[in-house]
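One structure below.
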């Protein structure tokens, strides 16, 4: 049996301020730092270990992973970073307060932008100061690859490309893997692993910094999955439902 651990980064500063974040490189809040430490303690108490780790190129996911591995005394574990594990790009919504955006565009429209599978928010323009294609971390992206906005389907496409090319072969070779990433990135991966419909993923919530364990067969088909706490598996009815993309 193969085990995979997924973890959404701890609360970020913009989660705290209720702002759309996307690809903006926002750090963890004090609460987020504490959440990451607790996640590491949970994994250590439950006797987990890892051979390799994956994360995005955004500091909130990277720092969460660093803290988790530090708490587990696993700072030697190789870490692979990829923009393909970044959060969904929220286009022109990035940096905006969610409540103020709902007042401007209507709650229904904002709900569609946030939760639908195939509807993109308004796009950034290339002259927008929030356009980050010149950032050195994205220098390997080809022309047209850097998104101006994304729907969940767009996010899923790049996440699964990286899953199939990089992560799946490592898992099949028997390595223990942890992925520290983002709400919509993990939603995309869970949608694929559990073969969820578009309707099914709409209501899928990923809580911050609580380890999500997938037990997989040799073909990486899920046997079962569960969240972890200090006391072991979290009962289904006690899984936190909060979410903030």
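Please read every residue number as a count from 1 along the shown chain.
Positions of Cβ are set from backbone N, Cα and C atoms, glycine also.
The substrate binding site annotation in Swiss-Prot covers 8-15, 21-22, 60, 87-90, 98, 114-115, 183-184. With a cut-off of 8 Å between CB atoms and residues at least 6 apart in sequence, the same chain places 20, 21, 24, 26, 95 near residue 14 (substrate binding site), listed in sequence order.
Following the DSSP three-state reduction, the secondary structure of residue 9 (active site, tele-phosphohistidine intermediate) is coil. Positions annotated as active site, tele-phosphohistidine intermediate by Swiss-Prot, on the basis of sequence analysis: 9.
Packing around residue 87 (active site, proton donor/acceptor) is summarised by its Cβ count: 28 other Cβ atoms lie within 10 angstroms of its Cβ, all protein chains included. Feature annotation from Swiss-Prot assigns active site, proton donor/acceptor to 87.
Residue 182 (site 'Transition state stabilizer') falls outside any helix or strand according to DSSP and counts as coil. Residues or ranges marked as site 'Transition state stabilizer' in Swiss-Prot: 182.
Geometry remark: residue 183 (substrate binding site) versus residue 9 (active site, tele-phosphohistidine intermediate), CA distance 8 Å. In this structure, the C-alpha atom of residue 87 (active site, proton donor/acceptor) lies 10 angstrom from that of residue 8 (substrate binding site).
The number of other Cβ atoms within 10 Å of the Cβ belonging to residue 88 (substrate binding site), over all protein chains shown, comes to 30. The highest number of surrounding Cβ atoms within 10 Å, among the recorded positions 8, 9, 182, is found at 9. Counting in whole angstrom, residue 182 (site 'Transition state stabilizer') lies 5 from residue 8 (substrate binding site) by their C-alpha atoms.
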